[in-house]
Amino acid sequence: MSTTVWILTVALIVGLLLFDYFFHVRKAHIPTLKEAAVWSSIYVGIAILFGVVVWIFGGQQMGVEYFAGYLTEKALSVDNLFVFLLVIASFKVPRADQQKVLLFGIVFSLIARTAFIFIGAAALERFAVLFYIFGLFLIWTAGRLITDDSDDDADNIAVRVAKKVIPSTDHYDGDRLFTVENGKRVMTPMLLVMVAIGGTDIMFAFDSIPAIFGITQDVFIVFTAVTFSLLGLRQLYFLLDGLLDRLVFLSYGLSVILAFIGVKLIIHALHENNLPFINGGEHVDVWEIPTELSLAVIVLVIVIVVVTSLYTPVGQRKTRQNSVLKHAKEVLHDEGDEEAAHTHEKLMREAHEKLHEGEETEEIRTYMDHVAYRMKYGENPKEAEA
């Protein structure tokens with residue numbers, strides 16, 4: 001792709017980010033559902049329009065690669081939102097200030113992913129063995145998505161390092177990153193939550209970038225598909241805030257997509273093989289999965305995830321169960337904040353009443369016992385902290 005096209009594309013992206021900051025984020029406010037829906041639609045429309053332009057001027061192959069990459073990265077970015085929700089809830093970020101945290105997360109994602117893209121492209125060009133490594137890594141990640149049921153820890157390594165290096169406070173001072181407490185300049189939780197999001201997002205990049213390189217090795221397509229999937233993520237957060245918990249089969253869908261792309265990468269690696277212990281260093285004559293088929297599989301999986309999560313009896317049952325567990329965990333997390341604990345305890349009870357006969361699991365009963373202890377004695381039982 002020509003230098004002029006790169007400059008115009010980067011200018012468009014920077015312009016959209018600046019517009020988002022000055023017209024939506026700079027002044028703290030809570031976006032309405034209508035505002036989030038409108039602007040989320042606008043950003044999706046811009047991404048689609050950009051893809052159409054790529055298709056017209058770059059040809060069908062580039063167009064299909066862009067849309068397949070965009071859909072894959074968009075699906076993975078929705079998974080990112082789960083982590084953003086967890087981190088923001090863990091640090092109790094005021095809702096009016098959440099937009100600034102999210103925009104920082106998006107900008108950091110763009111910077112981190114851009115670095116990974118150019119490093120990855122250069123490495124793939126020199127070391128074809130990386131196609132095997134990326135493919136196996138994606139298949140391993142796919143398995144981890146459906147077997148690892150643990151929550152991400154918001155107080156990650158990056159946060160612990162930041163706390164050791166710079167004095168911090170537990171109190172917010174508007175949206176300031178630093179404040180003065182007892183005559184000393186200290187970090188506010190606003191900066192810590194940004195560090196937490198940045199740290200977790202780097203881990204997501206390890207899944208995201210190999211996935212799209214499994215679809216295309218065109219650096220321009222990789223960069224634009226990743227970038228446009230992240231733009232509008234802030235609006236999508238507020239739009240899907242309540243819906244995310246209902247996409248109970250999302251991890252399974254993402255697992256299928258990542259495993260499929262992992263297999264595609266390994267097949268491509270065999271086709272381009274130069275490893276001496278595989279077929280004597282010669283390429284293996286295997287059928288390569290066309291990008292059009294990849295796009296069809298990705299779309300089909302996303303549709304199946306949404307339909308099965310929202311409209312099947314199993315999906316609705318898991319949604320009801322997850323709602324109870326979500327609010328129970330919030331109560332246990334709200335140690336020291338009695339008002340928040342009582343609010344989530346009430347929501348947990350309401351969600352529990354909506355369970356149908358036979359839907360109360362041993363896990364739900366255990367969490368409700370922990371909540372009862374917490375509400376009675378004002379502290380979590382030791383087994384809940386383990």
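Glycine is treated like the rest: Cβ placed from N, Cα and C.
What TrEMBL records for 6-24 (among others) is transmembrane segment. Within the same chain, residues 31, 39, 43, 46, 99, 103, 106-107, 110, 220, 224, 227, 231, 234 sit at least 6 positions outside the transmembrane segment (6-24) and bring their C-beta atoms closer than 8 Å to a C-beta of that stretch.
The transmembrane segment feature in TrEMBL is assigned to 36-57 (among others).
As annotated by TrEMBL, transmembrane segment applies to 77-94 (among others).
As annotated by TrEMBL, transmembrane segment applies to 101-123 (among others).
The feature transmembrane segment is assigned by TrEMBL to 129-147 (among others).
Residues or ranges marked as transmembrane segment by TrEMBL: 191-213 (among others).
Taken from TrEMBL, the feature transmembrane segment applies to 219-240 (among others).
If you look up TrEMBL, you'll see 247-267 (among others) marked as transmembrane segment.
Note on the transmembrane segment (293-312): residues 64, 67-68, 71-72, 75, 215, 246-250, 252-253, 256-257, 260-261, 264, 319 of its chain, located 6 or more positions outside it, place their CB under 8 angstroms from a CB of the stretch. As annotated by TrEMBL, transmembrane segment applies to 293-312 (among others).
Most Cβ pairs under 8 Å to the transmembrane segment (219-240), among the stretches 101-123, 129-147, 247-267, belong to 101-123. Proximity of distant same-chain residues to the transmembrane segment (129-147), defined by a Cβ-Cβ separation under 8 Å and at least 6 residues beyond the stretch ends, is recorded for 120, 123, 206-207, 210-211, 213-214, 251-252, 254-256, 258-259, 261-266, 268-269, 272, 275.
Using a Cβ-Cβ cut-off under 8 Å and counting only residues 6 or more beyond its ends in the same chain, the transmembrane segment (36-57) has close neighbours at 16, 24, 63-64, 66-67, 70, 221, 224, 228-229, 231-232, 235-239.
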